[in-house]
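Read the structure below first, then the notes.
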Amino acid sequence: MMQAESGSAEAKGPLPPPVGRKRRGLGILDFLLRLLAIGATLSAAITMGTTNETLQFFTQFFQFKARFYDLSAFIYFVIANAIVGGYLLLSLPISILNIVRPRAASSRVFLIFFDTVMVAVCTSGAAAAVAILYVARKGNSRTNWFAICQRFNSFCNQAIGAVSASFAGVVFLILLVLLSASTLYRRRP
């Protein structure tokens with residue numbers, strides 16, 4: 001009786017490894033990284049978009065204002081992070097599709113392409129803002145640009161926080177690209 005059972009098990013062959021669980025886990029990790037990137041990029045855009053400070057000198061009539069929309073690099077930063085955050089929100093259904101159907105390769109190719117584009121957009125926005133913040137903190141004596149962060153401390157600190165959140169979003173996006181690339185590479189025979 002024992003030989004008959006073992007013979008029938010050999011005829012069926014070995015059971016395939018549970019590949020679906022591993023790919024589903026990668027899909028869940030992809031979804032969580034997207035949520036973190038959404039939080040980072042949208043909080044960066046909102047923080048920079050609400051950054052302003054007013055200083056009063058001598059009387060109420062002399063006021064100096066620092067606002068994000070006075071600098072085109074900060075406007076670009078807000079727009080770039082809003083675009084990336086919007087893309088990430090729109091990519092969530094595709095990420096959910098990768099959890100439900102872990103073998104869907106075409107959606108991975110779509111995500112890896114657009115995630116790479118969003119890395120570039122987010123990095124360029126953050127780099128532009130960092131350049132302005134450097135001049136705001138250090139100044140430039142050759143061009144007579146004075147450091148304003150000693151006076152507008154709250155403005156600069158809020159802008160630095162926004163740029164830090166944006167660079168965190170860049171890191172999450174890079175991790176998403178690497179995750180999608182490794183998933184696609186594992187699909188090859």
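Just so you know, glycine gets a Cβ as well, placed from its N, Cα and C.
Within 10 Å of the C-beta atom of ASN52 (N-linked glycosylation site) sit 15 other C-beta atoms, taking all shown protein chains into account. Sequence annotations record features per position, and here Swiss-Prot assigns N-linked glycosylation site to ASN52.
Sequence annotations record features per position, and here Swiss-Prot assigns topological domain 'Cytoplasmic' to 1-25 (among others).
According to Swiss-Prot, the feature topological domain 'Extracellular' maps to 47-73 (among others).
The topological domain 'Cytoplasmic' annotation in Swiss-Prot covers 95-108 (among others). Per DSSP, the secondary structure of the topological domain 'Cytoplasmic' (95-108) breaks down as 10 helix, 0 strand, 4 coil.
Listed by sequence, the residues of this chain that lie at least six past the ends of the topological domain 'Extracellular' (130-158) yet keep a Cβ under 8 A from its Cβ atoms are 47-48, 50-53, 55, 64, 66, 71, 73-74. Annotation source Swiss-Prot lists topological domain 'Extracellular' at 130-158 (among others), citing sequence analysis.
Annotation comment: Swiss-Prot describes 180-189 (among others) as topological domain 'Cytoplasmic'.
Annotation source Swiss-Prot lists transmembrane segment at 26-46 (among others).
Residues annotated as transmembrane segment in Swiss-Prot, with sequence analysis given as evidence: 74-94 (among others).
Residues or ranges marked as transmembrane segment by Swiss-Prot on the basis of sequence analysis: 109-129 (among others).
Sequence annotations record features per position, and here Swiss-Prot assigns transmembrane segment to 159-179 (among others).
For the transmembrane segment (26-46), the partner stretch with the most Cβ pairs below 8 Å, chosen from 74-94, 109-129, 159-179, is 159-179.
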